[in-house]
Amino acid sequence: MRTQWPSPAKLNLFLYITGQRADGYHTLQTLFQFLDYGDTISIELRDDGDIRLLTPVEGVEHEDNLIVRAARLLMKTAADSGRLPTGSGADISIDKRLPMGGGLGGGSSNAATVLVALNHLWQCGLSMDELAEMGLTLGADVPVFVRGHAAFAEGVGEILTPVDPPEKWYLVAHPGVSIPTPVIFKDPELPRNTPKRSIETLLKCEFSNDCEVIARKRFREVDAVLSWLLEYAPSRLTGTGACVFAEFDTESEARQVLEQAPEWLNGFVAKGVNLSPLHRAML
(Lines of atoms letter the chains of each structure in order from A and count residues from 1; the text may use other names and numbers.)
(Lines give C-alpha, C1' and ligand atoms only; values in the text may rest on other atoms or scores of the structure.)
Protein backbone atom coordinates (compact mmCIF):
# COMPACT_ATOMS: atom_id res chain seq x y z
CA MET A 1 0.00 0.00 0.00
CA ARG A 2 1.28 3.45 -0.92
CA THR A 3 1.05 6.22 1.68
CA GLN A 4 1.52 9.95 1.13
CA TRP A 5 3.31 12.32 3.50
CA PRO A 6 3.51 16.14 3.52
CA SER A 7 6.96 17.69 3.23
CA PRO A 8 6.24 21.35 4.00
CA ALA A 9 8.17 24.50 3.25
CA LYS A 10 9.50 26.78 5.98
CA LEU A 11 10.15 30.47 6.21
CA ASN A 12 12.80 32.23 8.26
CA LEU A 13 10.68 35.07 9.63
CA PHE A 14 13.92 36.68 10.78
CA LEU A 15 17.58 35.65 10.52
CA TYR A 16 20.53 37.28 12.26
CA ILE A 17 24.19 36.19 12.01
CA THR A 18 25.75 36.54 15.45
CA GLY A 19 29.25 35.17 14.82
CA GLN A 20 31.46 32.63 13.10
CA ARG A 21 33.04 29.63 14.79
CA ALA A 22 36.61 28.44 14.32
CA ASP A 23 35.34 25.63 12.08
CA GLY A 24 33.82 28.17 9.70
CA TYR A 25 30.18 27.60 10.63
CA HIS A 26 28.13 30.71 11.35
CA THR A 27 26.14 31.12 14.55
CA LEU A 28 22.72 32.64 14.18
CA GLN A 29 19.36 33.47 15.65
CA THR A 30 16.36 32.70 13.47
CA LEU A 31 12.63 32.11 13.68
CA PHE A 32 11.26 29.12 11.74
CA GLN A 33 7.61 28.83 10.75
CA PHE A 34 6.09 26.21 8.44
CA LEU A 35 3.83 26.78 5.45
CA ASP A 36 0.74 24.77 4.52
CA TYR A 37 2.43 24.22 1.16
CA GLY A 38 5.26 21.96 0.03
CA ASP A 39 6.29 18.70 -1.57
CA THR A 40 4.51 15.37 -1.17
CA ILE A 41 6.44 12.16 -0.55
CA SER A 42 4.90 8.79 -1.43
CA ILE A 43 6.18 5.60 0.20
CA GLU A 44 5.44 1.98 -0.61
CA LEU A 45 7.03 -0.57 1.70
CA ARG A 46 9.26 -3.38 0.42
CA ASP A 47 10.17 -6.60 2.21
CA ASP A 48 13.60 -7.14 0.65
CA GLY A 49 15.52 -4.45 2.56
CA ASP A 50 16.07 -2.28 -0.53
CA ILE A 51 15.68 1.51 -0.75
CA ARG A 52 14.70 2.90 -4.15
CA LEU A 53 14.01 6.52 -5.10
CA LEU A 54 11.67 6.33 -8.09
CA THR A 55 11.87 10.05 -8.91
CA PRO A 56 15.57 10.91 -9.23
CA VAL A 57 16.74 14.51 -9.23
CA GLU A 58 18.72 15.55 -12.28
CA GLY A 59 22.37 16.05 -11.43
CA VAL A 60 22.14 14.29 -8.04
CA GLU A 61 23.40 10.71 -7.67
CA HIS A 62 20.91 8.25 -6.14
CA GLU A 63 22.96 7.61 -3.00
CA ASP A 64 23.71 11.34 -2.55
CA ASN A 65 20.05 12.36 -2.52
CA LEU A 66 18.96 13.50 0.96
CA ILE A 67 15.87 11.29 0.74
CA VAL A 68 17.97 8.16 0.21
CA ARG A 69 20.56 9.24 2.77
CA ALA A 70 17.82 9.77 5.37
CA ALA A 71 16.28 6.35 4.68
CA ARG A 72 19.64 4.58 4.89
CA LEU A 73 20.59 6.47 8.06
CA LEU A 74 17.36 5.43 9.76
CA MET A 75 17.83 1.86 8.55
CA LYS A 76 21.37 1.67 9.96
CA THR A 77 20.56 3.38 13.26
CA ALA A 78 17.52 1.19 13.88
CA ALA A 79 19.37 -1.97 12.84
CA ASP A 80 22.35 -1.19 15.08
CA SER A 81 20.02 -0.94 18.07
CA GLY A 82 17.97 -4.00 17.15
CA ARG A 83 14.86 -2.02 16.24
CA LEU A 84 14.65 -2.64 12.48
CA PRO A 85 12.19 -5.37 11.45
CA THR A 86 13.73 -7.90 9.06
CA GLY A 87 13.42 -6.97 5.39
CA SER A 88 12.40 -3.34 5.95
CA GLY A 89 12.71 -1.38 2.71
CA ALA A 90 10.82 1.19 0.68
CA ASP A 91 10.08 2.60 -2.75
CA ILE A 92 9.98 6.38 -2.42
CA SER A 93 8.78 9.00 -4.87
CA ILE A 94 8.33 12.76 -4.57
CA ASP A 95 5.99 15.30 -6.10
CA LYS A 96 8.37 18.26 -6.06
CA ARG A 97 6.92 21.75 -5.79
CA LEU A 98 9.59 23.53 -3.76
CA PRO A 99 12.52 24.99 -5.73
CA MET A 100 16.10 23.98 -5.02
CA GLY A 101 18.25 26.78 -3.64
CA GLY A 102 15.16 28.74 -2.68
CA GLY A 103 15.58 29.10 1.08
CA LEU A 104 12.34 27.19 1.74
CA GLY A 105 14.06 24.15 3.26
CA GLY A 106 12.91 21.68 0.60
CA GLY A 107 15.76 19.17 0.87
CA SER A 108 15.83 19.32 4.67
CA SER A 109 12.06 18.90 4.83
CA ASN A 110 12.24 15.89 2.48
CA ALA A 111 14.85 14.23 4.71
CA ALA A 112 12.81 14.89 7.85
CA THR A 113 9.62 13.53 6.31
CA VAL A 114 11.41 10.33 5.32
CA LEU A 115 12.85 9.90 8.83
CA VAL A 116 9.50 10.47 10.54
CA ALA A 117 7.42 8.47 8.05
CA LEU A 118 9.70 5.42 7.82
CA ASN A 119 10.17 5.32 11.58
CA HIS A 120 6.38 5.07 11.79
CA LEU A 121 5.86 2.68 8.87
CA TRP A 122 8.70 0.35 9.82
CA GLN A 123 7.62 0.55 13.48
CA CYS A 124 11.19 1.19 14.61
CA GLY A 125 10.11 3.11 17.71
CA LEU A 126 12.90 5.71 17.66
CA SER A 127 12.14 8.80 19.75
CA MET A 128 11.76 12.31 18.37
CA ASP A 129 15.06 13.22 20.06
CA GLU A 130 16.82 10.35 18.29
CA LEU A 131 15.34 11.32 14.93
CA ALA A 132 16.30 14.97 15.41
CA GLU A 133 19.86 13.99 16.34
CA MET A 134 20.08 11.88 13.20
CA GLY A 135 18.60 14.71 11.16
CA LEU A 136 21.28 17.14 12.30
CA THR A 137 23.92 14.97 10.63
CA LEU A 138 22.04 15.46 7.34
CA GLY A 139 21.59 19.22 7.63
CA ALA A 140 21.21 22.03 10.17
CA ASP A 141 17.55 22.65 9.26
CA VAL A 142 16.43 19.01 9.42
CA PRO A 143 15.74 18.89 13.21
CA VAL A 144 13.10 21.65 13.14
CA PHE A 145 11.20 19.71 10.46
CA VAL A 146 11.55 16.50 12.49
CA ARG A 147 10.18 18.13 15.64
CA GLY A 148 7.38 19.78 13.70
CA HIS A 149 6.76 22.97 15.66
CA ALA A 150 7.63 26.57 14.85
CA ALA A 151 10.84 27.39 16.69
CA PHE A 152 13.40 29.99 17.66
CA ALA A 153 16.78 28.56 16.64
CA GLU A 154 20.26 29.42 17.90
CA GLY A 155 23.76 27.97 17.59
CA VAL A 156 24.17 26.87 13.97
CA GLY A 157 20.42 26.30 13.96
CA GLU A 158 20.32 23.18 16.11
CA ILE A 159 19.26 24.73 19.46
CA LEU A 160 15.48 24.92 19.18
CA THR A 161 12.90 26.59 21.41
CA PRO A 162 9.24 26.07 20.42
CA VAL A 163 7.36 29.33 19.86
CA ASP A 164 3.98 30.37 18.48
CA PRO A 165 4.32 33.44 16.24
CA PRO A 166 1.19 34.83 14.53
CA GLU A 167 0.02 32.60 11.68
CA LYS A 168 -0.11 35.10 8.83
CA TRP A 169 -0.68 34.66 5.10
CA TYR A 170 2.30 34.94 2.79
CA LEU A 171 2.92 35.60 -0.85
CA VAL A 172 6.12 33.66 -1.56
CA ALA A 173 7.95 34.61 -4.73
CA HIS A 174 10.81 32.86 -6.53
CA PRO A 175 13.09 35.19 -8.50
CA GLY A 176 14.08 32.47 -10.97
CA VAL A 177 17.61 31.98 -9.64
CA SER A 178 19.09 29.39 -7.29
CA ILE A 179 21.38 30.65 -4.54
CA PRO A 180 23.75 28.08 -3.01
CA THR A 181 24.08 28.80 0.71
CA PRO A 182 27.92 29.05 0.60
CA VAL A 183 27.68 31.94 -1.87
CA ILE A 184 26.02 34.06 0.81
CA PHE A 185 27.97 32.81 3.84
CA LYS A 186 31.35 33.26 2.15
CA ASP A 187 30.69 36.85 1.08
CA PRO A 188 33.14 39.13 2.93
CA GLU A 189 30.46 41.82 3.35
CA LEU A 190 27.98 39.54 5.14
CA PRO A 191 27.17 40.96 8.61
CA ARG A 192 28.64 38.53 11.14
CA ASN A 193 28.40 40.37 14.45
CA THR A 194 24.73 41.13 15.03
CA PRO A 195 24.29 41.28 18.84
CA LYS A 196 22.53 38.28 20.39
CA ARG A 197 19.14 39.12 21.86
CA SER A 198 16.49 37.24 23.79
CA ILE A 199 13.56 35.76 21.91
CA GLU A 200 11.27 38.12 23.84
CA THR A 201 13.21 41.13 22.57
CA LEU A 202 13.42 39.83 19.01
CA LEU A 203 9.68 39.18 18.78
CA LYS A 204 9.02 42.84 19.65
CA CYS A 205 11.43 44.18 17.00
CA GLU A 206 10.83 44.66 13.31
CA PHE A 207 11.94 41.42 11.63
CA SER A 208 14.81 41.39 9.12
CA ASN A 209 17.37 39.06 7.53
CA ASP A 210 21.12 39.74 7.61
CA CYS A 211 21.58 37.77 4.37
CA GLU A 212 19.22 39.98 2.40
CA VAL A 213 21.66 42.79 1.65
CA ILE A 214 24.11 40.30 0.11
CA ALA A 215 21.45 38.48 -1.90
CA ARG A 216 20.10 41.77 -3.29
CA LYS A 217 23.59 42.98 -4.17
CA ARG A 218 24.70 39.80 -5.92
CA PHE A 219 21.42 38.80 -7.59
CA ARG A 220 19.52 41.56 -9.34
CA GLU A 221 16.53 39.21 -9.71
CA VAL A 222 16.15 39.06 -5.92
CA ASP A 223 16.43 42.83 -5.70
CA ALA A 224 13.77 43.28 -8.39
CA VAL A 225 11.24 40.97 -6.71
CA LEU A 226 11.77 42.50 -3.26
CA SER A 227 11.47 46.02 -4.65
CA TRP A 228 8.13 45.10 -6.22
CA LEU A 229 6.73 43.31 -3.15
CA LEU A 230 7.73 46.11 -0.77
CA GLU A 231 5.28 48.39 -2.54
CA TYR A 232 2.46 46.26 -1.11
CA ALA A 233 3.51 44.75 2.22
CA PRO A 234 6.41 44.05 4.60
CA SER A 235 8.70 41.73 2.62
CA ARG A 236 12.06 40.04 3.08
CA LEU A 237 14.34 37.16 2.14
CA THR A 238 13.90 33.69 3.63
CA GLY A 239 17.06 31.83 4.64
CA THR A 240 19.90 32.65 2.28
CA GLY A 241 17.42 32.97 -0.60
CA ALA A 242 16.54 33.03 -3.33
CA CYS A 243 12.85 33.11 -2.35
CA VAL A 244 11.34 36.20 -0.78
CA PHE A 245 8.00 36.66 0.94
CA ALA A 246 5.47 39.36 1.74
CA GLU A 247 3.18 39.04 4.75
CA PHE A 248 -0.55 39.74 4.91
CA ASP A 249 -3.34 39.42 7.47
CA THR A 250 -5.73 37.66 5.08
CA GLU A 251 -5.58 35.22 2.19
CA SER A 252 -7.57 37.55 -0.05
CA GLU A 253 -5.07 40.39 0.41
CA ALA A 254 -2.19 38.10 -0.57
CA ARG A 255 -4.03 36.75 -3.62
CA GLN A 256 -4.99 40.23 -4.80
CA VAL A 257 -1.32 41.22 -4.88
CA LEU A 258 -0.32 37.97 -6.62
CA GLU A 259 -2.91 38.68 -9.32
CA GLN A 260 -1.17 42.01 -9.99
CA ALA A 261 2.28 40.43 -10.23
CA PRO A 262 4.32 41.07 -13.37
CA GLU A 263 4.70 38.14 -15.76
CA TRP A 264 8.31 37.51 -14.72
CA LEU A 265 7.34 36.87 -11.08
CA ASN A 266 6.56 33.28 -10.06
CA GLY A 267 4.84 32.90 -6.72
CA PHE A 268 2.25 31.20 -4.56
CA VAL A 269 0.11 32.06 -1.54
CA ALA A 270 0.31 29.97 1.63
CA LYS A 271 -0.56 30.23 5.30
CA GLY A 272 2.06 30.21 8.01
CA VAL A 273 1.39 27.38 10.48
CA ASN A 274 3.07 26.60 13.78
CA LEU A 275 2.32 22.87 13.66
CA SER A 276 3.89 21.16 10.66
CA PRO A 277 1.44 19.64 8.15
CA LEU A 278 3.49 16.43 8.49
CA HIS A 279 2.78 16.19 12.19
CA ARG A 280 -0.83 17.25 11.76
CA ALA A 281 -1.23 14.35 9.34
CA MET A 282 -0.01 11.95 12.01
CA LEU A 283 -2.45 13.08 14.71
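Counting begins at 1 with the first residue displayed.
Glycine residues also receive a Cβ, built from the backbone N, Cα and C atoms like all the rest.
Marked as active site by Swiss-Prot on the basis of sequence analysis: LYS10, ASP141. What Swiss-Prot lists as ATP binding site is PRO99, MET100, GLY101, GLY102, GLY103, LEU104, GLY105, GLY106, GLY107, SER108, SER109, and the listing cites sequence analysis.
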List the Cα distance (Å, whole number) between SER109 (ATP binding site) and ASP141 (active site). 8
Can you give me the residues near the recorded ATP site, meaning same chain, not PRO99, MET100, GLY101, GLY102, GLY103, LEU104, GLY105, GLY106, GLY107, SER108, SER109 themselves, Cβ no more than 8 Å from the center of the site's Cβ atoms? ALA9, LEU98, GLY239
Once near-sequence residues are set aside, which residues in the chain of GLY107 (ATP binding site), 6 or more away, have Cβ atoms under 8 Å from its Cβ? LEU66, MET100, GLY139
Its Cβ having more other Cβ atoms within 10 Å than any other among the binding-site residues PRO99, GLY101, GLY103, the winner is GLY103
Expressed to the nearest Å, what is the distance separating LYS10 (active site) and GLY101 (ATP binding site) at their Cα atoms? 13
What binding-site residues among PRO99, GLY101, GLY105 are found with a C-alpha within 10 angstroms of that of ASP141 (active site)? GLY105
